[in-house]
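Colleague: The structure follows.
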Amino acid sequence: MTTQLLEDITHRGLVSQVSDLAQLEQLLATSQVVYCGFDPTAGSLHIGHLVPLLMLKRFNDAGHKAVALIGGATGLIGDPSFKATERSLNSKETVQGWVADLSSQVESVMNPHLSEPIQLKNNADWFSGIEVLDFFRDVGKHFSINNMINRESVKQRLQRPDQGLSFTEFSYTLLQSYDFAKLNSELGCSVQIGGNDQWGNIVSGIDLTRRLNKQTVYGLTLPLITKSDGTKFGKTEGGAIWLDPKKTSPYRFYQFWLNCDDADVYNFLRFYTFLSVKEIEAIEANDITSQQKPQAQGILAEQLTRFVHGEQGLASAQRITQLLFNGQVQTLTLAELEQLEQDGLAVHAISDAKINIAELLVKSELASSKRTARELINANAIKINGEAITDEHAQLDFPLFDRFWVMQRGKKQFRLIKLA
């Protein structure tokens, strides 16, 4: 089973570095404890965190125990690895709130898919009880400044004439290294996974665990997910795609994956789903030979929306998508309209419903001028709440739930008009 796991994640392109592949294969022949750390830098995780979360499930499916470490202490410092500038320090109260949010989120997203609940740890629980002199004596003595400043993740920052590296950030690797040693002694944790920017910290943790606990532990890093053009994947012009439905609605989340480029989608199926590599290859082959629209994006969007938001969130996202593009928006529920208001459609607020529709088309930027607006209306290219507008002098009427109108130009351009 373990050999199959390592072969599978390697075949998927999910392995960047491994501390000792041969020894790790032997170790994973029996059930192990595997952890990944997440520092609280916001009140929600985003899709950049999905690959390590999904990797924890892959290990769990292979018979291992999954641990998520929420960095209540390290989040107060900020990891400088490959960062161009120093992070802004957040207050303890803010970080504590984020720790609670992330802990709840990890459980709600992961537990429905695991054979046993994920175990959560907060490194503030042990760092808050350590005296600074004890930490320097017992942990700091095992770290060489020479090695630390020669690490590539630090060297890039030191070479920037406009940016230094504070002692606060420089000490981060000691904290993360101690996490590994602590989880090893407390839970028997033997494997740490993380992004490839964490390699230096993971290796330091392996070394510290050997020195403090006389135990051999292992690390595995995942590659930075990039698009086919080489750019970093995961953010849009509107910002991050969050896992919290209050920050990114299930509809917006679903649409993000549905709009993946053809050049990227098959790799993303390998990275983000549990479909076998053979199944993904079959989907790709069918899309290439079929004269129909590719199926891969729909499969990716369905798999991930179900994983993060459950069957109800997926059903809602699919229903909104279907109703919008079938022109049946009058049957949208209030909750679905509120998803569209949150981030699904561009919103134009009005204070009075007695407004000429041609004028509204211009104000909402669906038409460049009143003349264009009239031409669109006369060409039957404008719909409001699914009904075609044929009178250029018409005014708004019959709002959905007393305050919403969905205005549509052609097949793909929408505005949500809201009575403020």
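Backbone N, Cα and C atoms are what each Cβ position is placed from, and that goes for glycine too.
The feature L-tyrosine binding site is assigned by Swiss-Prot to Tyr35, Tyr172, Gln176. If you look up Swiss-Prot, you'll see 40-49 marked as motif ''HIGH' region'. For 232-236, the entry in Swiss-Prot reads motif ''KMSKS' region'. Look at Swiss-Prot and you will find Lys235 tagged as ATP binding site, backed by sequence analysis. Residues or ranges marked as domain 'S4 RNA-binding' by Swiss-Prot on the basis of sequence analysis: 355-419.
Show me how these features fit into the shown structure, please.
Modeller: In sequence order, Gly37, Thr74, Asp79, Gln198, Asn201, Ile202, Ser204, Gly205 are the residues of the chain that are 6 or more apart from Gln176 (L-tyrosine binding site) and have a CB within less than 8 Å of its CB.
Over the motif ''HIGH' region' (40-49) the predicted model carries a mean pLDDT of 96.
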Colleague: Give the residue from the binding-site residues Tyr35, Tyr172 that has the most other Cβ atoms within 10 Å of its Cβ, counting over every protein chain displayed.
Modeller: Tyr35
Colleague: DSSP helix, strand and coil counts for the domain 'S4 RNA-binding' (355-419)?
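Modeller: So the domain 'S4 RNA-binding' (355-419) is made up of 16 helix, 21 strand, 28 coil.
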Colleague: Run through the motif ''HIGH' region' (40-49) and tell me, per DSSP, how many residues are helix, strand and coil.
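Modeller: The composition, in the requested order, is 3 helix, 1 strand, 6 coil.
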